[in-house]
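Below: the structure, in structure tokens.
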Amino acid sequence: MHQRALLFSALLTAVRAQQAGTLTEEVHPSLTWQKCTSEGSCTEQSGSVVIDSNWRWTHSVNDSTNCYTGNTWDATLCPDDETCATNCALDGADYESTYGVTTDGDSLTLKFVTGSNVGSRLYLMDTSDEGYQTFNLLDAEFTFDVDVSNLPCGLNGALYFTAMDADGGASKYPANKAGAKYGTGYCDSQCPRDLKFIDGQANVDGWEPSSNNDNTGIGNHGSCCPEMDIWEANKISTALTPHPCDSSEQTMCEGNDCGGTYSDDRYGGTCDPDGCDFNPYRMGNDSFYGPGKTIDTGSKMTVVTQFITDGSGSLSEIKRYYVQNGNVIANADSNISGVTGNSITTDFCTAQKKAFGDDDIFAEHNGLAGISDAMSSMVLILSLWDDYYASMEWLDSDYPENATATDPGVARGTCDSESGVPATVEGAHPDSSVTFSNIKFGPINSTFSASA
């Protein structure tokens, strides 16, 4: 994943804060999902979703004065990190009319552009509606249905997990009065520095407004944690990517020591910003995923991901299956010379990095073992976004831009390099959307029929 948080273009006044406002009631849209014990034996869970606090209107605790407008902090309310956290509150959300988020039973639809808002990021809440639902992915299987038929080049309808705190960080950082109810506590392997509040304090100090996005900027601090990208996709390309970190929990970083695409040294932090990705097109299989292909993105599909452990209980393999039109379809096999298989293993990742000439940052952060410890408690995230850093070329086009398209690993999909420029995709495809539904979780082979 490339600079996920910075790349979101949010509502004009979107901001992360640590106080809870009272001007708009916060009501989480309901979303059901299923917990399974064996094939055909699943129990419905009554959950809900909450939008990330970076999208919310944030204002003075005393009135409706904005704490943050465009990509600039109010100098009076926010002269420094601690004062800003005390002075500012984030408020409730109107999910459909402001953010284009709707639910229906077990289905969640995210619309791309709604008024001045672009994209969204949401978390699954637990049945109490007080904290995030957490999942232990080890020796488990996660399955969902997805419709990407309305996601053109340059967009990313993502479903992934990170090692966020279940309460949004409220217990660790008492200054955070908003907590999970208001979508606080985000972290990922990019150690995002565009978050307006981290660990109960604002990110005002050192804040630099973005040069190409009127709504975002970068502060001195970032928020790091392991990340498991189960699904990053549009109708052209898809990628499955684990990202390890040196710590299994959320940590705050500072400046260029954060690494990732927010910093001068991409690989200077404690996490792997690139991960070990399995994109069928990048692995040399250009007939597997897309409109009219083996996995036909013109129709809804079921996506199955299995997390296999070794004898010691540590993650050793990530396997992928699809179910479409009643057929179970194994993941595409690699067609890259020197790289074999259709699942993510240590051997696959080592061979892939060598074949593509990539720095093996994955191994430097302990590879699959580096994410395994975090997988006992991860939070589910569902989002739709466009990319102000690399126009989503890393997912669906040729990347890096100056590389030769025929070199191994450069071609990620068939999209034109200009198709994902945010101004282009926002102007041409504002009504794009993604729908996630029928989420199931349980032991291996419990969430789908292998003989479908």
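Just so you know, the numbers here start at 1 and follow the chain as drawn.
The backbone N, Cα and C atoms fix where each Cβ goes, glycine too.
For 1-17, the entry in Swiss-Prot reads signal peptide, with the evidence type sequence analysis.
Look at Swiss-Prot and you will find ASN62 (among others) tagged as N-linked glycosylation site, backed by sequence analysis. The DSSP secondary structure for ASN62 (N-linked glycosylation site) is coil. Long-range neighbours of ASN62 (N-linked glycosylation site) (same chain, six or more residues apart, CB within less than 8 Å of its CB): none.
Taken from Swiss-Prot, the feature active site, nucleophile applies to GLU227, supported by similarity to another entry.
Marked as active site, proton donor by Swiss-Prot on the basis of similarity to another entry: GLU232. According to DSSP, GLU232 (active site, proton donor) is assigned to a strand segment.
The N-linked glycosylation site feature in Swiss-Prot is assigned to ASN285 (among others). Under the three-state DSSP scheme, ASN285 (N-linked glycosylation site) falls in the coil class. Sequence-distant neighbours of ASN285 (N-linked glycosylation site) (same chain, six or more apart, CB under 8 Å from its CB) are ALA332, ASP333, SER334, ASN335, listed in sequence order.
Summarising the annotation, Swiss-Prot assigns N-linked glycosylation site to ASN335 (among others). ASN335 (N-linked glycosylation site) falls within neither a helix nor a strand when secondary structure is assigned with DSSP, and so counts as coil.
Just so you know, the Cβ of ASN402 (N-linked glycosylation site) picks up 7 other Cβ atoms within 10 Å once every protein chain is counted. Secondary structure from DSSP puts ASN402 (N-linked glycosylation site) in coil. Look at Swiss-Prot and you will find ASN402 (among others) tagged as N-linked glycosylation site, backed by sequence analysis.
According to Swiss-Prot, the N-linked glycosylation site annotation covers ASN445 (among others), on the basis of sequence analysis. Reduced to three states, the DSSP call for ASN445 (N-linked glycosylation site) is coil. Summarising the environment of ASN445 (N-linked glycosylation site), the number of other Cβ atoms within 10 Å of its Cβ, over all protein chains shown, is 14.
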Cβ neighbours of GLU227 (active site, nucleophile) where a neighbour is any other Cβ within 10 Å: 29
Length of the line joining the Cα atoms of GLU227 (active site, nucleophile) and ASN445 (N-linked glycosylation site), in Å: 23
